[in-house]
Structures are given as C-alpha cells and as structure tokens.
Amino acid sequence: MEGRPPPEGRPPPRPRTGRAPRGRRRAVFAAVLHWSHITHLFENDRHFSHLSTLEREMAFRTEMGLYYSYFKTIVEAPSFLNGVWMIMNDKLTEYPLVINTLKRFNLYPEVILASWYRIYTKIMDLIGIQTKICWTVTRGEGLSPIESCEGLGDPACFYVAVIFILNGLMMALFFIYGTYLSGSRLGGLVTVLCFFFNHGECTRVMWTPPLRESFSYPFLVLQMLLVTHILRATKLYRGSLIALCISNVFFMLPWQFAQFVLLTQIASLFAVYVVGYIDICKLRKIIYIHMISLALCFVLMFGNSMLLTSYYASSLVIIWGILAMKPHFLKINVSELSLWVIQGCFWLFGTVILKYLTSKIFGIADDAHIGNLLTSKFFSYKDFDTLLYTCAAEFDFMEKETPLRYTKTLLLPVVLVVFVAIVRKIISDMWGVLAKQQTHVRKHQFDHGELVYHALQLLAYTALGILIMRLKLFLTPHMCVMASLICSRQLFGWLFCKVHPGAIVFAILAAMSIQGSANLQTQWNIVGEFSNLPQEELIEWIKYSTKPDAVFAGAMPTMASVKLSALRPIVNHPHYEDAGLRARTKIVYSMYSRKAAEEVKRELIKLKVNYYILEESWCVRRSKPGCSMPEIWDVEDPANAGKTPLCNLLVKDSKPHFTTVFQNSVYKVLEVVKE
C-alpha cells in the first residue's frame, strides 16, 4: 500500500502538522514574554543600566548582597579554582572564623554563573567582540559623576540577565505543565495568563533577583511536572526517574528551604498512596529517587548534616518503613478508614520522633528556629529569634487582602470550582470502599491519582501561605496550574458535551482580564531610580578611612553591603539559618537593648569587633506593637525592661566606651574603645 497513488479525483492527503510544534512555539512565546516582562519591571524600578558598580551592589540589599559577593569573589579571583577555594575558606563573613560558604549558603548558582561569566568574557576577548559599553553619568545636585557600564561583560548585568532568562524559561514550563495536566492547550494558556494576571502574588524575581528562590523555583516547576507524568504513566521508564532525580537536586542545591517544600510533596504522595490512587511499586520508586537525590545533595554540600536531620529525610525513612511493613498492616482486621488513620499516625509521629533523635545524635540545632516560628503561630511563644522573623511582614500571616486579590482576578473562584470537582471524584471513588469493613476487598487502584495529588498539594501550599506570607509564592503559581483543570475533560466532560470548552475558557479569561490587566498596568507604572547616598558615603568612608582588616558589626542588611562593596571582615550577616550565627547576631543586636554600654562593649571585643555601625532608625522603628528592637529585647532580657535603650544614649554621646568616627543622616560609626 505504501507509495500507492491516490484515487482519481481525490487530492493527495495534506501532510499533518502535529500539535507538538505549535505547542512548543506557544511555550517559547510564553518564555520570551515573561523574560521581557520581568526585565522591563526590574529596569523600570532601579534604572539598573545607568547605575555605577557601587550603586548596583548596594541595590542588592540584605542577603541578596551577601550571595552576590561570592559571585564577585570568584569573578575577580586570579583563576576560577582560586575563587572557589576562597569561598570555601572564607575569612570575611564570620570573622574570625574560617567557614566553607559553599556548604553553608547554597552557593552553587554563584559558582556556576561565575564560571559561565569567565568563559564568556574569555571567548569574547579571544574573538575581539566588545562585551560592555561604559559612559560617564552626571548625577547633579553636587554629586560626583559616575561611570556606568552596560552589557553582559559587566558582572552584575550578566548575573541578573541569567536569572531572568531562567525565570523566562520557567513560563514555558508552566505552559507545558498546564497543557499536560489538563489535556488541552487551552489549559496551558489559562495557567500562563493566570500567572501574568496575578504576577505580583506569584513571584518577586523582578524585585529581588539574587534570592535563592529565583534559582530554585523553576526546577520545582519541572520537578512537579515530572511527578505528574510519573503518576499518570501506566509504565515507569528509567528516563523519567533520572529526570526527577536531577530536578530534585537542582531544586535542593540552591535553597535550604527546598527540603520543607519536598516534605509537603512526599506527605501528599503518601496520602495519595494510602487512599489507593497509586500503587506501592510506583511510590517506592519515587521514594528511592528522593533518597538518592538527598544523598547527592548531602555529598555536594560537603556533608551538610542539616539535610540528614531534616523532617524531609525523616519522612522518607518512615514512609519507606511503612511500605516495607505493608503485609503486616494488611493483617490487621480493621476497616479501610481505620487502616488509613493507622498509617497516617505512624507517618506523623514516626517522622517527628526520628527527626528529634537524629538532631540529638548529630547535635544539630540550625533549624530549631523553624519549629519555634511555627509554634509562635499557634501559641503565645516568643523569643528573640522568633520575634525577628514574625515582626517582618513577609513572615507574618497572609494579608487579609490577598484572598480578595485572588477573587478579583477570578483565580480563587476557578480554583475552588476545580477543587470541588476533584473532591466530588474522590468521594465518588471512596464511597464504596469505606462502606466495606475489611481491608482485603479492594483489588484495584483508582484512576487519575495526579489530580488528587495536586488537590492535596494545594492544601499544603495553602497552609504554608496562610502561616507565612512569603510562602504564598508557592501557593499562587500552584493555583494557576490548578486553574488549567477548568479545561479538563476528566472533570468537566459532562459540561463540554453541552457547551464548547473554548467558549467557556475564553469567557473566563475575558472576565479575569478585567482586573488582571489593571494589575499588569500597576506593575508597568512603577518607575524609579535607585539611590542610597547615605550608604554610598558610608561605604566610601570605610574603603578609604579604615584598614583592610578592620572588623565591622551592625544590622544584618548593612553588613552584607559592607562585605560586598568595602571587602571588610564582618561578624554577622543576613543568612540567619545557622545556630552559631543567630547567637552572634544576638550579641551584635544588644546595642539596641537596654543593657549597659560596658557589658555590650565587652561582648563585642570578644568577637574582635573594631567598628560598630549604629542606625538610629533601628532603635525607633516599629512595624507593629511589640516589634521595636527595645521591645524585642524586653522579651529576651526582662531584667532591664524600663531602662533607656542603649542606642538612644549612644546617638547622643558615644563616650566613654565608644568613639564616633563617622556620621551622616542615617549611619553612625562607633569605634570600639579597647580596654
């Protein structure tokens, strides 16, 4: 039959253009659109292309500046390997300690980007292509002119550009994800448009590019897409499992918090298994992949024991044990529901107990503040570290306005409709099973476990987002993915038989676009130009008026800038996830307590501090009742409550224990008088 000519009078069949190429083009378009959007917002907000090198570094505030400083170290080192050695034997970040910052701060993104930058500049130099253009910018108002360079040859521009490209590609993944989950390209369109319409609730990469989530989150999207594929597939292929392992590693390596997200995923998958939507073989393979990726991260992070003592690691071990004990569970003569409860309790209490034991055995307390933070959300628990977190808006409960913003763009109503449809399916599936009294009656698995998994993951992200506002950055994008299921024939086939799905989807998108376009316009209207003259004066004074080995202490955000731009040793910094660093910061912040100046000076001398950068605003500012620094110290040090805060006294007169050596409208540098 092959090669047979078509019958007379009938034209030859037209070659069929597959849906895949069209889908790929749309995914690429979504990627380019998001890259352009976040690049435009970042430039509009900072006028980054016209800033000097120092201004660009100051624009990376708090922990952003800390992370970027290690990229700068490797880029400016005599060789790449020398730069890596320097960050692995760092003497500036927690003086006088020598620490492996690659192990402590999840700096693989900076290592990789620095290597790419060095390769890029060498190749461009070799073939004679100019990589940056520099010019002099006149600032006016009596300020000195500055040199500003633009192009990928500038380290800061290269660093930011790669981050934006990665997050542009993430939007292509969202289109593919929504398409695959819903079974319709319309689903991919819904996901992408929901993300854009709720952009300010979905990401902050355009305002804070160097944060760990900017590197890590795109790989979580890929990882969840792979999990969806594995749950849906009738046959597991080795390639899918290897891809899942790699995406796990790429998600965990840049971000310490990744383990908590993966904990919610493992818990959701375990629940999906318990109620019968995936078989034991599939879950066991997923657990093995997670264990392998965790072990790889442990090795690549130079034996970072915080990974092994995490709730995530404990949960993996407990679930593996439950799966191994399945024959014993089936021998228990109880109802199906009772068996679910038994396995759930075994997982919950087993995970908590194993986590406690491993932390005690390894002597790890680095993540103790996470438990205290969660405790403070439900009870009246307070301590110094917890208050530093909860007094910051991003660690407070979700704003009351957030659900309203979701509702205005119709994201919340659409997701609720999808969620209710999934719950109806679950109830329908479970009805017959729960009516039985014995556990051995069910011989088959339910269909569409990936839908149940996404519903459970939505609940987990909702809990995280409500408890800690910053974590809505997981919730909102997942809601956008869930919204794609409004196009799913598995859930709404009964409706699509009566009404064309395109008509329903485009009607919903048209309604969404009313508030969505207003949200986008609000973002586009943000126009600013970065300037921080007081900090610029401070950095310039430090660079030219202090010795290269002078040791500084002060507020965490300022210390990151001192290390990055002045290259001076510091004793504390914004990466607060280490128990030792939290203890150091408490000593440094005692300057804002009501303790005696002599006592504070004595502790600073023990840390070998030469200069303290005092900021009066830290003494008086108050984000909400009980959140000024003196009030936080009243919880930690009630014996001195009622006394005048030390910072207020030192603002007026720093003698005799300190000497004022520099002062401007924001900063006052105190030299510690040695005894």
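Cβ atoms here come from the backbone N, Cα and C positions, even for glycine.
Among the features that Swiss-Prot reports, region 'Disordered' is placed at 1-22.
The annotation transmembrane segment is assigned in Swiss-Prot to 66-88 (among others) on the grounds of sequence analysis. Only residues 6 or more beyond the boundaries of the transmembrane segment (66-88), in the same chain, are considered here, and those with a CB under 8 A from a CB of the stretch are 57, 60, 100-103, 105, 107, 109-111, 113-115, 117-118, 155-156, 159, 210-212, 560, 563-564, 573-575.
Sequence-distant neighbours of the transmembrane segment (156-176) (same chain, 6+ residues past either end, Cβ-Cβ under 8 Å): 23, 26-28, 30-36, 38-39, 42, 48-49, 53, 56-57, 60, 68, 71, 113, 116-117, 120, 132, 149-150, 188-189, 191-192, 195, 203, 205, 209-210, 214-215, 217-218, 221-222, 225, 477, 480-481. Annotation source Swiss-Prot lists transmembrane segment at 156-176 (among others), citing sequence analysis.
According to Swiss-Prot, the feature transmembrane segment maps to 186-208 (among others), an assignment based on sequence analysis.
The list of residues near the transmembrane segment (236-254) in space but at least 6 beyond its ends in sequence, with Cβ under 8 angstroms from a Cβ of it, reads 106, 108-109, 212, 215-216, 219-220, 222-223, 226-227, 229-230, 261-262, 282, 285-286, 289-290, 292-294, 296-297, 300-301, 307. The transmembrane segment annotation in Swiss-Prot covers 236-254 (among others) and is backed by sequence analysis.
Here the transmembrane segment (260-279) has Cβ contacts under 8 Å with residues 220, 224, 227, 231, 248, 251-252, 286-287, 290, 310-312, 315-316, 319, 322, 340, 343-344, 347, 370, 426, 429-430, 433, 442, 445-449, 452-453, 456-457, 460-461, 464, 474 of the same chain, all six or more residues outside its ends. Residues or ranges marked as transmembrane segment by Swiss-Prot on the basis of sequence analysis: 260-279 (among others).
Annotation comment: Swiss-Prot describes 286-303 (among others) as transmembrane segment, evidence class sequence analysis.
The annotation transmembrane segment is assigned in Swiss-Prot to 309-325 (among others).
For 334-354 (among others), the entry in Swiss-Prot reads transmembrane segment, with the evidence type sequence analysis.
The transmembrane segment feature in Swiss-Prot is assigned to 414-434 (among others); the stated evidence is sequence analysis.
Marked as transmembrane segment by Swiss-Prot: 449-469 (among others).
Taken from Swiss-Prot, the feature transmembrane segment covers 491-511 (among others). With a cut-off of 8 Å between Cβ atoms, the residues of this chain six or more beyond the transmembrane segment (491-511) that come close are 184, 186, 189-190, 193, 410, 414, 418, 421-422, 425, 451, 485.
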By a Cβ-Cβ criterion of under 8 Å, what residues six or more beyond either terminus of the transmembrane segment (286-303) are in contact with it?
100, 102-103, 106, 108, 227, 230, 241, 244-246, 248-249, 252-253, 262, 266, 269, 312-313, 316, 319-320, 323
